[in-house]
Amino acid sequence: MRQYDGGVPAGTYAETTYGYDRLDQLITVRDPAGNTWTNTYDRRGYLTSKADPDAGTTTFTYDDAGQIKTSVDGRGEVLHHTFDDLGRRTELRDDGPSGALRASWVYDTIANGQLTSSTRWIGSDAYTSAVTGYSDLYKPTGTTVIIPVVDGVLAGSYTTSTTYKVDGSPATTVLPGVGGLPAETITYSYSNTGNSTSMASGAATYVASTSYYWDGAVNERILGITANRRVRITHTLDEPTRRLKTLQVDTENGSTANSWDDRSTSEYTYDPAGNVTRIAGKTGGVQDQVECFQYDHLRRLTEAWTESTPSCQTPQRSGADPYWRTWTYDLSGNRQTQVDHGASGSTTSTSTYPVAGGGQPHTLTSVAHSGPGGSATDIYTYDSSGNTATRTIDGIDQIFTWDAEGKLAQVTRAGQNTNYIYDADGNRLLRKEPSATTLYLPDGTELRLGTGSTQPDGTRYYNHNNTTVGVRTITGLVRLAVDHHGTIELAFTDLTMTRRRSLPFGDPRGTQPSNWTGERGFVGGTKDATTDLTHLGAREYDPTTGRFLSVDPIMDLTDPQQMHGYAYSNNNPVTSSDPDGLIPDDCARVKCYDYTRDATAATPKPRRKIRAGR
């Protein structure tokens, strides 16, 4: 595959090559920088080993049914997988069939063919997610999360129940009263075409009405029902391309019902390839800043700045919360430099990596900063599976410990530990930092128990059609508006608006509000204050470097930039996003090709597959 620098297939290009054996099985991939991935198969065509330049060599064995029996990663960590007669996974153990139990799954006791429970085992402590029942359409009518006694005040059972309409759409959801939050029964309403139009409980009307375009895309959503206190969010789409043209947020006039005041408007402009080139912003109907973006021939963001007028011709630093940044990259997608053109001068951050074609070529080893504030160098090291092992930032050391499944288990900073526990399917369940322990429930409720406290404080997020529309704490409800990537940008307490801006890769932009509710940040991820990282689904993200701390478990063999494994959204964070840490969101929307998200969930047997687990 050749990627030409220009707009025609001639001249300079970068080449990615693919090698196949006599059975048409993919055996090698070589990127433009000379980095090579290698696969080995047995006589049945099953993948027995894969050599990744960053993650090392992973090997697999299989049972008689062709299901993964053991997997050994680049660190030598051995996982033993057990399946039942129907091919459903039942156990995950360390080392072998009699090793320590890591996770278990139970089926059929409530409904034939259906999951009963999944359990994460930490020694003898069981963290269980159980289904309490199923509807006639095999939809779960209730789920219970059980936390063991070792977690003290947070121990116990947390149950969420759901009823359904005849077509399987949720009719009601019952949320528990915990952490000072009220118990709620949320009721959903739908249009004649099955689109969700409203959601409300006895505590509040979260969404009063929703209108849709012909293709099911949301046009307008009104939050709240109280007169003169409502928030209206309007999405205007370009008809031919279905791209977002305008995102407008209004609040109802405080004295005149059904009259709306423009609070914030963002107007989007694109190039022919679909890259966002401009976001013109207005506050209170007055244009106060325009963000401008430029890209290279591989769609990587090379320059971003703000200005007061929408010309986007000359990079500058003006407008509200101004910034101007420039980036360069190497062939494989490693960020080489970032220049922050500040008010008092430019700060240049230069990154270094191992030599291409050698070991771990995409691992960041250092970042040297130089500017008006002086000079400093950040240092990074990695384990043999490509996970960040240590980093030194501003002279402060952090040590990262990863479990056998490749999940971040512990971060040590200044002699203090932050530990993480995940459910059986790898979703974050608990964060145990020095000052508090936070429990994350699947219904959007978070319980934070301060060290030495006897009662947790609750935070509950409300989602409508996968869009966050509100957050509740013991002090009340805050209505939320997100940007085109799901990053919460605006918060409304009655008619009072608070804005929080972000830079393209997710760093804070301008002065951040001190009264912001909740931990959710860039693209809806959880901001961890003790580590300065953002938890995005499967991985941990550092917005300062624009990189994840571990290798992407998915590899797109048709996209050398995604094959990089660490770069956020192929270094195109304005046009694309990666909220689950697995795959850029533009490909998730357009269904590029098949891909494997979990190499342990199914037998990795790629032939000419476009996407595969690493």
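Even glycines carry a Cβ here, placed using N, Cα and C.
Caution: TrEMBL annotation is automatic and unverified by curators.
Annotation source TrEMBL lists domain 'Teneurin-like YD-shell' at 200-574.
Within the chain, the region 'Disordered' (251-272) has long-range Cβ neighbours (under 8 A, six or more residues past its boundaries) at 227-232, 241, 243-245, 278-285, 295, 481, 483-484, 489-490, 492, 495, 497, 499. For 251-272 (among others), the entry in TrEMBL reads region 'Disordered'.
Under the heading region 'Disordered', TrEMBL lists 335-371 (among others).
Annotation source TrEMBL lists region 'Disordered' at 504-529 (among others).
On the 0 to 100 pLDDT scale, the domain 'Teneurin-like YD-shell' (200-574) averages 96 in the predicted structure. Sequence-distant contacts of the region 'Disordered' (504-529), counting only residues of its own chain at least 6 positions beyond either end whose CB sits under 8 Å from a CB of the stretch, comprise 293, 301, 304, 320-321, 323, 325, 418, 428, 431, 433, 440, 446, 459, 461, 468, 471, 473, 478, 482, 485-488, 491, 498, 535-537, 541, 543-544, 546, 568, 573-574, 577-579. Here the region 'Disordered' (335-371) has Cβ contacts under 8 Å with residues 33-36, 53-54, 305, 315, 317, 323-329, 377-382, 386, 545-547, 564-567, 571 of the same chain, all six or more residues outside its ends.
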